[in-house]
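Here's the structure, in structure tokens; my notes come after.
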Amino acid sequence: MKTTIILILLIHWVHSQIPISDNNTATLCLGHHAVANGTLVKTLTDDQTEVTNATELVQSTSTGKICNNPYRVLDGKNCTLIDAMLGDPHCDVFQYENWDLFVERSSAFSNCYPYDVPDYASLRSIVASSGTLEFMAEGFTWTGVTQNGRSSSCRRGSADSFFSRLNWLTKSESSYSTLNVTMPNNDNFDKLYIWGIHHPSTNNEQTKLYVQASGRVTVSTKRSQQTILPNIGSRPWVRGQSGRISIYWTIVKPGDVLVINSNGNLIAPRGYFKMRAGKSSIMRSDAPIDTCVFECITPNGSIPNDKPFQNVNKITYGKCPKYVKQSTLKLATGMRNVPEKRLRGIFGAIAGFIENGWEGMVDGWYGFRHQNSEGTGQAGDLKSTQAAIDQINGKLNRVIEKTNEKFHQIEKEFSEVEGRIQDLEKYVEDTKIDLWSYNAELLVALENQHTIDLTDAEMNKLFERTRRQLRENAEDMGNGCFKIYHKCDNACIESIRNGTYDHDIYRDEALNNRFQIKSVELKSGYKDWILWISFAISCFLICVVLLGFIMWACQKGNIRCNICI
């Protein structure tokens, strides 16, 4: 009988420790998308922030070929632009050509009388930006001299020849008349005249060609005047010649007049090049030209311009990304990544966004997971997902708009005497690149910080929206989950997700279940404290009883206590 009573009491105690059945409660967790391996990006506060997705902003590779669309790309082949302009015999195919971009090859060479251009870079740039070699011959009158001088160093076919756009004037019989020729510009566009002066290798050659011991060439307009004297002397032999020609150029504005005065050594113009204002350019490159479409061209080849930055080459043509030093800059296009924990306990408990993200979400960035009497489930929240996507969409385009300037960066050249200018130019360019590289990194960090903040904010908005619906019917578990204190089947869970949940319907049931569960939790929670207090009181009582027994025994003489000193 005693055994039966003890067994009944034990069963009753065990039953009292069992909480209310899970059929009468449910758990609802809120979370966000996560991936197993995220991408590290820079923000204002952290250089290594992991996000679910990011887009590379720096174009670091080229196609390896120059695309001939949408621009007219002219392959210079074996000719430089200046040789083609002067009319070098092996460059005759380029006469009257037009281009958006003239491509000079490293294999280009001159094959006529050796020459130099004192202001080579400026002339090359002017002709390149004009985008045409359109030439108009004019009827210059050269009296008292012999025209169309030729050289064995400049052969057209099997015959001696000369630059087709220049007229080499030499003595007529035994004299060289003083020349004074004028040519007005009665048109409404600028005219580019190319002329030169011949530097013989010896005095004998000078008098043999021009009679006078020293000639002179003066070319003037209303705005400028140039007087050049020949420098007679031997130079290194080039194509059988130790003499040289120096090439000069003059631009005549509408209404202005070109005046040429000379008594020898003149390399005269045959006409003018029509100047055009445009955005044509020139580039040195050995990349092959192919049929394809890219709007940005570099010496390495064409590159896409769908990114705001590139570090392929400083020299570009077309609609190109901004050159920066960094090889990579990643723009966050997803939220902060917190990979999901693989182990969730014996019973597969679910956790909310405060603990970790959720992998495998395919129907949204944010969503719900639940456990109820019908099992477990997961669904995305389209409203918060779309709100985040709308703010992130267009972010890349906005960055491109801020940085992708529609212009071409031409290469800059300087002669040796302009070395200090070249050093200054290089310093300025390097400083600009440093500044843009810093600005690019700061801009991306700002955008990344904004992206992470706004995605975190959408998660918090969803959590607050859910909490306001549930009110006292559920309790915040502190990990992004709610403990719902009433029976909540899948239809009930769906009403919470879509915002149609009516907490009044479940309020009484929730309050009743909450009271029962809390009382059990309270009893279970204070059990350890009660045990410790009981143990302490028991020990105290045992000590008191033991002390009393000792005192009683001493009084009766049953115990003797001897103290020796």
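Note: Cβ is positioned from N, Cα and C throughout, glycine not excepted.
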Of C67, C91, which cysteine does Swiss-Prot list as the disulfide partner of C79?
C91
C296 has a disulfide partner in Swiss-Prot; which of C154, C320 is it?
C320
Candidate cysteine (C67, C492, C539) that Swiss-Prot pairs with C292 in a disulfide:
C67
Can you check which residues sit near N78 (N-linked glycosylation site), meaning Cβ under 8 Å from its Cβ, same chain, 6 or more apart in sequence, and list them in order?
H90, C91, R105, S107, A108, F109
Here are the glycosylation sites: N37, N53, N180, N300, N498. Which has the lowest count of other Cβ atoms within 10 Å?
N37
Between N180 (N-linked glycosylation site) and N300 (N-linked glycosylation site), how far is it from one CA atom to the other, in Å?
49
Express the distance between the Cα positions of N498 (N-linked glycosylation site) and C554 (S-palmitoyl cysteine) as a whole number of Å.
82
Specify the count of other C-beta atoms within 10 Å of the C-beta of C554 (S-palmitoyl cysteine).
12
Based on Cα distances to N37 (N-linked glycosylation site), point out the closest of the recorded positions N23, N53, C554.
N53
Listed in sequence order, residues with CB under 8 A of N23 (N-linked glycosylation site) and six or more positions away:
S373, K487
